[in-house]
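If you check Swiss-Prot, you get these features:
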ACT_SITE  Ser115  active site
ACT_SITE  Asp233  active site
ACT_SITE  His289  active site
DISULFID  Cys45-Cys46  disulfide bond
DISULFID  Cys96-Cys128  disulfide bond
DISULFID  Cys152-Cys160  disulfide bond
CARBOHYD  Asn197  N-linked glycosylation site
CARBOHYD  Asn212  N-linked glycosylation site
CARBOHYD  Asn232  N-linked glycosylation site
SIGNAL    1-27  signal peptide
Amino acid sequence: MASSSCLWLLALAFLLGSCASLALGHLDPPAPLPLVIWHGMGDSCCNPLSMGAIKKMVEKKIPGIHVLSLEIGKTLREDVENSFFLNVNSQVTTVCQILAKDPKLQQGYNAMGFSQGGQFLRAVAQRCPSPPMVNLISVGGQHQGVFGLPRCPGESSHICDFIRKTLNAGAYNKAIQERLVQAEYWHDPIREDIYRNHSIFLADINQERGVNESYKKNLMALKKFVMVKFLNDTIVDPVDSEWFGFYRSGQAKETIPLQESTLYTQDRLGLKAMDKAGQLVFLALEGDHLQLSEEWFYAHIIPFLE
């Protein structure tokens with residue numbers, strides 16, 4: 001009988017101690033949300049000078065975070081090549097499958113896309129709501145596409161020469177649309193009808209041919225959609241595309257901001273509602289394409305990942 005009383009007292013003491021710990025906040029802090037990264041044109045998941053460095057910066061400021069830098073292909077070389085020549089819709093489908101199978105992402109994740117990876121991850125948010133994306137950070141992404149020839153010096157320059165010639169020959173040719181990544185977000189403001197009818201990727205995710213309510217609902221589920229624009233960008237044309245702006249239809253000189261576009265005024269994608277609710281964040285910094293300092297990154301990007 002005495003033994004039972006002792007056990008009861010021990011159990012009571014443990015319970016009271018647990019309650020006291022709860023009251024005093026002696027709980028392990030929740031694990032940080034995982035981060036998914038998608039690199040840009042001519043880059044790879046793990047280049048130590050680009051995405052590898054970004055991964056280390058995030059891990060330095062957020063200990064214990066799970067960072068998945070997407071590799072599209074079986075090798076780093078294939079990853080780079082696929083950023084030019086693998087159908088974007090196929091890439092998005094593959095990424096959705098990768099995310100759905102990752103047990104560490106099932107409670108939600110943040111996403112950060114660099115250059116074209118920004119609009120590709122937006123497509124993931126719109127098409128694949130499970131697991132849920134919480135914050136989307138687009139660093140130099142081209143959300144209204146481009147109408148200028150890509151400049152990429154160094155090892156990929158010969159590939160860009162080929163792309164220039166191909167886009168000039170016919171960006172909306174069916175075979176080119178199916179096989180050339182940059183053609184899939186090529187947006188010709190002078191021939192909007194041709195773009196609208198023949199773009200197999202950008203025109204779809206931007207609701208150009210009709211309103212897919214699930215796209216709208218899924219994008220609006222984001223907590224924050226952060227867009228970073230590089231004010232001295234020499235690669236993206238027009239630069240305003242990084243904030244969802246673009247050329248006024250019918251010409252290629254004057255640009256209009258997102259808020260004056262049909263996409264916004266008709267709220268075809270939910271961006272107007274998101275803007276009014278404070279879900280859209282527009283950040284700008286001096287510098288060329290993807291040129292940002294550690295200090296700027298820590299001050300302006302890390303808060304959305306913590």
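Each residue, glycine too, has its Cβ placed from N, Cα and C.
Shown on the structure are the features that Swiss-Prot records.
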| residue | record | DSSP (3 states) |
| --- | --- | --- |
| Cys45 | disulfide bond | coil |
| Cys96 | disulfide bond | helix |
| Cys128 | disulfide bond | coil |
| Cys160 | disulfide bond | helix |
| Asn197 | N-linked glycosylation site | helix |
| Asn212 | N-linked glycosylation site | coil |
| Asn232 | N-linked glycosylation site | coil |
| His289 | active site | coil |
Using Cα positions only, nearest of the recorded positions to His289 (active site) (Cys45, Ser115, Cys128): Ser115
Shortest C-alpha distance to Asn197 (N-linked glycosylation site) - which of the recorded positions Cys45, Cys46, Cys160, Asp233: Cys160
Cα-nearest neighbour of Asp233 (active site) within the listed recorded positions, Cys45, Cys46, Cys96, Ser115, Asn212: Ser115
Greatest C-beta neighbour count within 10 angstroms, which of the recorded positions Ser115, Asn197, Asn212, Asn232: Ser115
Nearest recorded site to Asn232 (N-linked glycosylation site) by CA-CA distance, among recorded positions Cys46, Cys96, Cys128, Cys160, Asn212: Cys160
Protein Cβ atoms within 10 Å of Cys128 (disulfide bond), excluding its own: 18
Alpha-carbon distance [Cys45 (disulfide bond); Cys96 (disulfide bond)] in Å: 16
Alpha-carbon spacing, Asn212 (N-linked glycosylation site) to Cys45 (disulfide bond), which is rounded to whole Å: 31
Proximal residue to Ser115 (active site) among disulfide-bonded residues Cys45, Cys46, Cys128, Cys160 (C-alpha distance): Cys45
